[in-house]
């Protein structure tokens, strides 16, 4: 049995070579077959062409049969069979094809003179037989090759998923919840699932059903995969990991077959955790038409629904799936009995960010004075993956700077690189541009320093990064779950600070405010169309809404904030100028320098 299996594996590896060798063998066979037809059915006696011509002139020949021969091996030639008058023997002759026309004219002349009893022209039937047989063989061979190819592709597709399994046995080390920083509520909820996997009978005795699935919903990089791995690690059970896109194929039925294969393997290893990443690629809402590529996708989804909660029960298997597009998932997938629990894995707060930074820093050489709490405060809105990238980028910068330990300088630079991209130090402004950029960034900073509800300034720089000529790192005074109307208006005001500073100082404006206006307009639109924070009242943007009234209200909010920004910057013109002088001198100002220079405490 093992020998047969090894032979099949060898056949798959040498598939292309086998096809080429078979094609070459077929070609040689057809040449040999043609040779057999042309050379083994000839009369025994052969004459030279000149001797035959002499016999014809002497009236020794009574019958001539001639034809053009087509030889795949030696080329085309002129073939003649001649029957002797006296001995009634037949001989043959071969000569060049170019003599055909002249020889035929001679034969017709002799025949008219009654010197030849019979002349006859024949087609080369052997050649045409060869062509017919060859075409038939090619058709049959092509059909066989096509069938073998389809079977091979289907076979490869069906086993491909097995080769992509990431099965981790009980003996291998896995993540645990201690290795996952943040997400404390999710970890607490998932701890109960560990008991389901380890002690299922305890729940069966009381009549409770084991949860079939857990859906982890949240932005990219928030640790959804880590949570699934940690669940399997804590329960000490096998862990299967696949991607939703691995089920999508061009051949109908392959995706459903892969789902069956996956659950069959999982049942053999139960209890276990089966993790499907990016399940929206597989579990999107089904198409009503059921035509085209959607048919394969729908069949795959139907098979997944059946496996999770259909006629057969998947005992001991907990399906954990991750997505950041729960809105496009099929409702049948989200009902109780399939994904019983849906956990929202959000972006980490300041406490969770500090814990995540410490986890990523465990294997790195850090300077003793690293303040993780301060770093966490400087990274609002960052995901766990981005925080990991910050530590990794800081390590690379440390090596580049030829240092032995990571310092706050490398960490702060790494934050800038992750948020905005590397600094473009080669891009040099002229004096006027540099001054305008400095006033633009100082305008944002003044709003952050003097407006009550605005985010607080942590860093100001006029070093260009990405598409920005400079930027302000501003963070909320405290992180909140909701955003109030006053804070949203303050954010719009902050975005307009750079544009207003240009207007007041230069009596001119630049295109550097493009992204600022984009963000300010976005917030104003949300306030009007989604949050009901305008004079239009509580309303939702729809096809029946008055678009002109909405645009008017958005413009009113932006104009009011623009006027507020003007008032603040006019009242703090001296502060604006001091920030610009310092920026032009050293290009970057930190929070500590701002506090020391202006004695601002917040």
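Backbone N, Cα and C define each Cβ position, glycine as well.
Just so you know, TrEMBL annotations never went through curation; they're auto-generated.
The Zn(2+) site recorded in TrEMBL includes 440, 444, and the single candidate from 369, 371, 515, 516 that the record places there is 516.
Record note: among 131-152, 153-174, 175-196, 197-218, 131-152 is the stretch given as transmembrane segment by TrEMBL. Local packing around the Cβ, expressed as the count of other Cβ atoms within 10 angstroms, is greatest for 440 among the binding-site residues 224, 440. Listed in sequence order, 460, 472, 474, 494, 495, 497, 498 are the same-chain residues at least 6 apart in sequence whose CB falls under 8 Å from the CB of residue 444 (Zn(2+) binding site). Shown in sequence order, 460, 461, 462, 470, 471, 472, 498, 583 are the residues of the chain, 6+ apart in sequence, with a C-beta less than 8 angstroms from the C-beta of residue 441 (active site). Ranking the binding-site residues 218, 219, 223 by how many Cβ atoms sit within 10 Å of each one's Cβ puts 223 at the top.
Looking only at the binding-site residues 220, 221, the densest Cβ neighbourhood within 10 Å occurs at 221. Within 10 Å of the C-beta of residue 222 (ATP binding site) there are 26 other C-beta atoms, taking all protein chains into account.
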